[in-house]
Amino acid sequence: MNSENFSLSEKIVSTSYIRQGREARRSHEQLIRHLLEQGKCPEEGWSESTIELFLNELAVMDSNNFLGNCGVGEREGRVASSLVARRHYRLIHGIGRSGDIAAIQPKAAGSSLLNKLTNSVVLDILKLSGVVASCFVVPMATGMSLTLCFLTLRHRRPKARYIIWPRIDQKSCFKAMITAGFEPVVVENVLEGDELRTDLEAVERKIEELGAENILCVHSTTSCFAPRVPDRLEELAAVCAKHNIPHIVNNAYGVQSSKCMHLIQQGARVGRIDAFVQSLDKNFMVPVGGAIIAGFDESFIQEISKMYPGRASASPSLDVLITLLALGASGYKKLLSERKEIYLFLAQELKSLASSHRERLLHTPHNPISLAMSLDGLQADSDKAVTQLGSMLFTRQVSGARVIPLGKEQTISGHTFRGFMSHSEAYPCPYLNAASAVGITREDVTLCIKRLDKCLKTLKKEGNAAKNNG
């Protein structure tokens, strides 16, 4: 209510009570005012009542919620289901206009304000995580967001047909290049101890062989499954600057890692990084469907934004804004700190479990999120035991653990990967992955280790029985 309505209310209910209510309302409005003034994630998280008040205030600014609105166009924010309307807080118009996802919509001042504030708050979180850049939220997951980056580069480098890609066995980032109409040039990783690392010499050779003018970009990766570790971003960025080749980084779940974000910031400092893409769901615990496209050249990031055709769903922006307002900067920093602590706990527990089964925790110090445990003994017991372990864990409700057997082949868009899922044509051993990602708890780790131990014992027992019967 405005001041006039509060004054009128004093004629109905005791003035002291109304003043108390007015002060309570003012405390909510003060938080909203700070957000509008600063465009930053609040230090302390908001209550649900403040967030809902704010979203309702935004919604009434959109034309579909105007009292007496008369819509005669084809896109008037009409929604058949009241449940759907409530799910979206009646913010129905989406974001952007036909020519630019960041443009203001005349029919939707509230949704446009939502979009601008979300981009501003997310930018603040990227700074908090260690990178100073420009960014915008796009309602597509990481793979399609990478495709949008590649398509934007096509206009800058019309003769280019190749993308140099240090191998990472994840289908969507490979298909992103194919979908954009380019030919991925797969550069195999080199084995250093247990770690798979970027082969910089092979990247340089490919540039010399293909010609820099024929290469759209180098497509590198930060966050990945061990024993693959983040690419040598600083060195790759320097190579790209040297040859004047764009550099796009797949930073899928790297925002939660200070090490991944440091690599990006350093890469931009010593060389060239044109854009880096990160998922909303993996980094901020929201539903799948959105990503952040960020970079150090604001004009290029705007160019990518304008490449997006048509209007876009506001759902990913709404989800991440609600989440960050609820957490606050302090809440998100706490989650990042807890994730690091649990990474150490997970490493300790996996190492202990591996030792008890005569396996070992692979030494991958350059991977700050994912860990891997060898499965040599399991492979020796039975060719099928490694694959069976993956099935057993899944049926026992251990999600996210990946079991990687030896020698698997996979063909994607005509390219055959040998040793698929291991990021290498011939990794020395089968292994199991586990990751300490944002939101994980000690209870998750404890239950996983307990169930994994039980599965390994069961498979060992079955293997011994088969040998005895044989």
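Yeah, the Cβs are placed from backbone N, Cα and C, and that goes for glycine too.
Automatic, uncurated: that is what TrEMBL annotation is.
The pyridoxal 5'-phosphate binding site annotation in TrEMBL covers Arg75. Annotation comment: TrEMBL describes Arg97, Ser98, Gln105, Arg311 as substrate binding site. Under the heading tRNA binding site, TrEMBL lists Arg269, Arg396, Lys461. The N6-(pyridoxal phosphate)lysine annotation in TrEMBL covers Lys282.
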Open item on the list: With every protein chain in view, what's the tally of Cβ atoms within 10 Å of the Cβ of Gln105 (substrate binding site), excluding that atom itself?
Closed with: 18
Open item on the list: Name them in sequence order: residues not among Arg97, Ser98, Gln105, Arg311 whose Cβ is within 8 Å of the mean position of the Cβ atoms defining the substrate site.
Closed with: Gly94, Ile95, Gly96, Gly99, Asp100, Ala103, Gly310
- [ ] Have a look at the recorded positions Arg97, Ser98, Lys282 and say which one has the shortest Cα distance to Arg396 (tRNA binding site).
- [x] Lys282
Task: Other CB atoms, at most 10 A from the CB of Arg269 (tRNA binding site) - done: 11
Open item on the list: Please report the distance from the Cα of Arg75 (pyridoxal 5'-phosphate binding site) to the Cα of Arg269 (tRNA binding site), rounded to the nearest angstrom.
Closed with: 45
Open item on the list: Spatially, and counting Cα to Cα, which of the recorded positions is closest to Arg311 (substrate binding site)? Options: Arg269, Lys282, Lys461.
Closed with: Lys282
Task: Length of the line joining the Cα atoms of Gln105 (substrate binding site) and Lys282 (N6-(pyridoxal phosphate)lysine), in Å - done: 29
- [ ] Spatially speaking, which of the recorded positions Arg97, Ser98, Lys282 is closest to Lys461 (tRNA binding site)? Use C-alpha to C-alpha, please.
- [x] Lys282
